[in-house]
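Written below as structure tokens is the structure these notes are about.
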Amino acid sequence: MKVLVPVKRVLDYNVKPRVKADGTGVDLANVKMSMNPFDEIAVEEAIRLKDKGVTEIVVVSIGELKAQETLRTALAMGADRAILITSEEKVEPLGVAKLLKAVVDEEKPDLVILGKQAIDDDNNQTGQMLAGLLGVGQATFASKVELTADSVTVTREVDGGLETEKLKLPAVVTTDLRLNEPRYASLPNIMKAKSKPLATKTAAEYGVDVSPRLTTLKVTEPGKRQAGVKVADVDELVMKLKAMGVAK
Amino acid sequence: MSVLVWVEHDGKAVKDATLAAVTAAARLGEVEALVAGQGVDGVAQEAAKIAGVTKVLVADDASLGHALAENVAPLVVELMGSRDAFVAPATTTGKNIAPRVAALLDVMQISEVLSVESADTFTRPIYAGNAIATVQSKDGKKVLTIRGTAFEKAAAEGGSAAIEQVSAKGDQGLSSFEGSEIAQNARPELTSAKIIVSGGRALGSEEQFHQLIDPLADALGAGVGASRAAVDAGYAPNDYQVGQTGKIVAPEVYVAVGISGAIQHLAGMKDSKTIIAINKDEDAPIFQVADLGLVGDLFKVVPELTEKLAV
Ligand SMILES: Cc1cc2nc3c(=O)[nH]c(=O)nc-3n(C[C@H](O)[C@H](O)[C@H](O)COP(=O)(O)OP(=O)(O)OC[C@H]3O[C@@H](n4cnc5c(N)ncnc54)[C@H](O)[C@@H]3O)c2cc1C
Ligand SMILES: Nc1ncnc2c1ncn2[C@@H]1O[C@H](COP(=O)(O)O)[C@@H](O)[C@H]1O
């Protein structure tokens, strides 16, 4: 069984994003970039499924040439093969989903595992779009994945609690945070990953129109909260709460 | 412009998240509401009363009983043939369905809309709300999900929309619903609670979480939330999580107990009207956004606070 895992290179989650002074976006010059945390979880899940019938894991990233580093990380974790699709221009989720569909048509994976959301643009769309374009089932926000030869049963984190769905394969799954804890790549595996195959293609080679549909007119900082006051003790807090009408 | 709004419901009643979506949709044009489900007559009646809704479309079918995206999307796509925008609340259901619809319509969705600037221009949060982007869509049709905390709720009563039946597209045979564990919670729902008390990793165990947080919440008539660390450690169930990847809340009062204030947590609650923080570390980042801060050991101050609020 083959699993495809799309991974995105994003601003590291520990870095505080800074809006550029000219209002064109968030400053990504000289800041730490990493694999989107949800995608690490997706790679980890694919690796864990290797005991359950998965024989090959292909990772794919769409972006600038440097996304190679992200793919090497996935290979060092345990993926077998990587595909980089370069694009000068930023590709939106709809374009990413179309490129991924082209990859799926070529690679014919049984399962595609994506992150539920990329923490830069927080779109939470790509997996659902891909499933729609492929005409296959989708299970978003997965916290548990059980794979059999022809189906996948997924527990999903929904607003009210948990929900379980069963999908026919091939299918698309997107990961939530509690699905697993991704491993760190060991040094020997990082070395080994250097010789694993990484194919580089361009978006144009797939003949898919990925021109953006949205224009970002500006990016601004949200209104900042001012730090308030510290109260001396519980009595003062109770007094303030009463003054606010929160407590009787 | 004609706008189709996804009605979020639990089979019995319209969920509040719908009301904010109706307000956002009304900024775009004439609002029709779609109630999809099984045995949803009551929901449709309720939806017809929402102020601003001109028509309710009801698709009542076994294949729609659990809002599986695979079965819902073809229905919405068909209805969108003669409409200009699809608007869903940014709930887990809305987030699951809307992008599938968008892809099938060949439209780029705009997620978590914070404001409608014009018929094609919207603001939305990026980078966990650390930046706000203003985006303009070139697509003919629009697909939006709406952040509930950013819009007033439309009045639940006052409208008298016509109700029209539409036919479902049937089971697509791709997926099936196997079961759910939906928490039975007597407390106010997080996304509509006026006051929320949230506990963090510092609570130390599930037992202590309940012993300390629940009585304080009771004393305030509050809903209960948690940080991801508290949920991961099993102190609270997943649907309590507030933050970038949990629920986005904006109550009148948010009380953060033993929560450090990581940006991913702040992303979910920093639009609360008043933030109160209890933390033993006076330099905890949560104090940078708190209106009222109490530095102290929660195991001491929380029981004292609960007691003094109760009298
Ligand atoms: C992709 C991603 C998404 C995330 N999404 C979310 C999200 O949606 N929501 C979320 O909350 N987090 C999220 N996180 C995690 C986030 O980064 C933090 O790890 C988490 O919020 C920390 O939880 P905490 O504040 O409870 O724990 P900690 O950071 O460990 O803070 C505990 C606090 O308790 C205080 N304390 C300890 N003992 C006491 C005591 N006796 N009395 C009083 N105070 C005490 C400490 O001073 C400290 O400030 C996400 C992380 C990632 C990578
Ligand atoms: N440029 C990209 N390259 C590879 N995968 C991506 C890319 N953009 C999004 N994805 C995948 O889609 C998921 C959801 O992203 P998004 O819809 O942008 O929030 C991510 O977690 C990735 O798995």
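Glycine is no exception: its Cβ is also placed from the backbone N, Cα and C atoms.
For B:3-181, the entry in TrEMBL reads domain 'Electron transfer flavoprotein alpha/beta-subunit N-terminal'.
In the three-state DSSP classification, B:Q244 (FAD binding site) falls within coil. The annotation FAD binding site is assigned in TrEMBL to B:R201, B:227-228, B:241-245, B:258-265, B:N279.
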Exercise. Indicate the candidate from B:R201, B:H265 with the smallest number of other Cβ atoms within 10 Å of its Cβ, considering only these binding-site residues.
Key: B:R201
Quiz item: Quick one: of B:Q244, B:I259, B:H265, which binding-site residues have a CB closer than 8 A to some CB in chain A?
Solution: B:Q244
Quiz prompt | Count of other CB atoms lying within 10 Å of the CB belonging to B:Q244 (FAD binding site) | solution = 23
Quiz item: Within 10 angstroms of the C-beta of B:I259 (FAD binding site), what count of other C-beta atoms is obtained when all protein chains are considered?
Solution: 32
Quiz item: Once near-sequence residues are set aside, which residues in the chain of B:Q241 (FAD binding site), 6 or more away, have Cβ atoms under 8 Å from its Cβ?
Solution: B:G225, B:A226, B:S227, B:R228, B:V231, B:K247, B:G268
Quiz prompt | Within the predicted model, mean pLDDT of the domain 'Electron transfer flavoprotein alpha/beta-subunit N-terminal' (B:3-181) | solution = 97
